[in-house]
Amino acid sequence: MAKKTNKDSSESKKIEDLKKDHWEMKDTTMTTNQGLKVNDTNNSLKSGERGSTLLEDFLLREKISHFDHERIPERIVHARGSAAHGYFELSKDMSEFTKAGIFTDTNRRTPVFVRFSTVAGSKGSPDLARDVRGFAVKFYTEEGTWDLVGNNMPIFFIQDAMKFPDLIHSVKPEPNKEIPQAASAHDTFYDFVSLTTETLHNHIWAMSDRAIPRSLRMMEGFGIHTFRLINDKNESHFVKFHWKPKLGVHSVTWEEAVKINGADADFHRRDLWDAIEAGQFPEWELGLQIVPEADEHKFEFDLLDPTKLIPEEMVPVTIVGKMVLNRNPENFFAETEQVAFLPGHIVPGIDFSNDPLLQGRLFSYRDTQLSRLGTPNFHQIPINQPIVPIHNNQRDGQMQASIPKGQTAYFPNSLSGGCPHLAKMSEGAFHSYEERIDAKKIRTRSESFSDHFSQPALFYRSLAPWEQEHVAGAYTFELGKCMHDHIKERMLWLIAQIDEDLAQKVADGLGMKVPNNIQKPINQAIGADADPKKHEPGPKKNYLDASPALSQSNTKFDSIATRQVAVLLADGFDAKSFKAMKAMLEKEGAMAKLIAPHGGTVKDSDKNEHKVDAAIMTTESVLFDALYIPDGKTSVDALLKQAKFIKFVNETFKYCKAIAADGEGERLLKASFVKDHMKDKAVHVNEKPEAFKKSMAQHRNWDRRSITDSVPV
Ligand code: HDE
């Protein structure tokens, strides 16, 4: 049993640990890396005022040479990321299932560092790519570091680690022309997907709104694989990990995503940073789905197959604690770039399952850090150091940053009194779960992994009509970007195995027919001598009509906290109506952002000055959640003079967001597409701020979507 700890001191342990490595600019004098004081960092040493630069100039050489080596290789996947510090706090003692201190000690706050990422794009790619999001959590526990390296979707594209390079090579830019960047909409990806039917479940999730989150703070996270929990009697239960965001799961539309990428390529990164700086700390609950070992074979799918989820309606998610992110990193490179997550970092009480994807990951992550960070000593980088001391006989290597003392570096020894000595399990040592194994050594895929259509169909059936339309739109867009008809036909045939109506909609959009006697794209994830019939995905099964937990229409709609409201105004806007709206927004934790014809300040009707957050030419409506136009004749007259304000209104309406106007503000609505839709339930003219709040909390008014195609923006 882990020792009980004090909440506040345990939370700050990693922060204190990192402080040892901080340094400040304040009150410092410039020096070289050797501590020599520098008196000119602007001019190189020359032979005469206009003469050649001297090789002797060690100040120039040190500065330029360091700069020359400032970059390290970007991550081969998940290169684009943003991270934050915080803590995890347990609310429910889970010692019945696990001996892990993090799940048994409700007095503890475990420090965490969390990195979110897109998968396919390069480090500088835009945030709103249609992609899976990485959701990697490093828990600095009292028993050593535990990394839960997950994604924002509960399943993965492939079943065996052996396929990972193929998957990633197919989605990355095509190797001859290095196009397209951060996009799956191209031939090689669909060539691979259509020949590898196990990808279809994760693929349909990637076509859903989950792949274009409104915010990193508004997405779920999943450990994906089935893991094990081990209690102090050494009993094992299977477990899946779920992160549930406090603000609910919300997304933008694809058209918005495309525009956001142009207007603010750092949209998600900025949103995470700003929320934390504003004290609006992102928060998730951690839930566990626990399955007793005895129930392993009770499901229609294999628990070891990472392309399958366990519907929450079949095994409920037990909430055991919460995670809060309350501090931005001090330095992007030192922390966010150099952090190294390894699924192989576990602690006593948690263990692996035989999921063949997880097993391969246990190798890959350490391997990749060796070339990315350049040394086996990457655990010594401050962000990667555990909060507990390390003692072993590993020595040397590039960038050894500690100075191990003493004569010995081997075990057993007597010269150092046998130290570091071994720990017993009763002292908290790790001991692998003693799983019984009696099997042939064999290179194959289990036949229990062969059902590839049932869960994509369950997912699609569980979505609300507006979500289904977005999925159809996404397939149509992506396949529309492919050049080869035979690839599109194979995809249409496969989509029809998931849902015929969906396939028909996509085919209509592509101007093609759903093929019915195509040569079946047999599952090719088998060896050359294997019997394809044994691995062919059978027709979809229906073991659950719908799983409401999969639909974003069943998420939380109870808050407008952290939502960004564009307030369109100019000099002379009405102080009273603005004040009432602003008071409501502030009370609810939403942000009013003033957008005016120019930067600087604007004056209200009482001659008070207000700081403008953005001049209209520097911003776009897609960066906001809702729109408000206060009363005031001169203000609205000024807005009407710039067509971009009308575009702003049209676009806000098109993407189904809430709109409010007071008094003269109505004139701007009447000058826009909204004029014929003033009765829309999320358009509020001269109503109480509370009404606007209710519409905003709904995230979008999807009832509007039948008319939005005709909005001309
Ligand atoms: Fe990863 N993955 N992955 N992955 N992955 C990496 O490790 C890999 C997989 C995930 O913010 C790499 O440090 C293989 C599943 C995240 O730093 C690399 C396989 C899941 C991150 C790697 C998978 C993930 C990575 C690249 C198939 C969700 C970013 C850089 C067996 C459960 C972590 C790095 C961060 C990063 C390999 C599949 C999540 C190359 C071989 C499934 C969130 O090691």
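Cβ from N, Cα, C; glycine included.
Caution: TrEMBL annotation is automatic and unverified by curators.
Annotation source TrEMBL lists region 'Disordered' at 1-22.
The feature domain 'Catalase core' is assigned by TrEMBL to 31-419.
According to TrEMBL, the heme binding site annotation covers ARG75, ARG115, PHE164, ARG361, TYR365, ARG372. Long-range Cβ contacts of ARG75 (heme binding site) within its own chain (separation 6+, distance under 8 Å): GLY81, SER117, LYS123, THR368, ARG372. DSSP assigns ARG75 (heme binding site) to coil in the three-state reduction, outside any helix or strand.
Residues annotated as active site in TrEMBL: HIS78 (among others). Non-local neighbourhood of HIS78 (active site): SER117, THR118, VAL119, GLY134, ALA136, each in the same chain, at least six residues away, with C-beta under 8 Å from its C-beta.
The active site annotation in TrEMBL covers ASN151 (among others). Around ASN151 (active site), taking its Cβ as the centre, 25 other Cβ atoms fall within 10 Å, counting all chains.
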Candidates ARG115, PHE164, ARG361, TYR365 (binding-site residues); nearest Cα to ASN151 (active site) turns out to be ARG115
Relative to the Cβ of ARG361 (heme binding site), which residues of the same chain, six or more apart in sequence, are found under 8 Å away?
-> VAL149, ALA161, PRO343, GLY344
Close in space, distant in sequence - TYR365 (heme binding site), Cβ under 8 Å, 6 or more apart = VAL149, ALA340, PHE341, LEU342, PRO343, GLY344
Far apart in sequence but close in space: which same-chain residues, 6 or more away, have a Cβ under 8 Å from ARG115 (heme binding site)?
-> GLY81, SER82, ALA83, GLY134, ALA136, THR336, VAL339, PHE341
For ARG372 (heme binding site), the number of neighbouring Cβ atoms whose distance to its own Cβ is within 10 Å equals 16
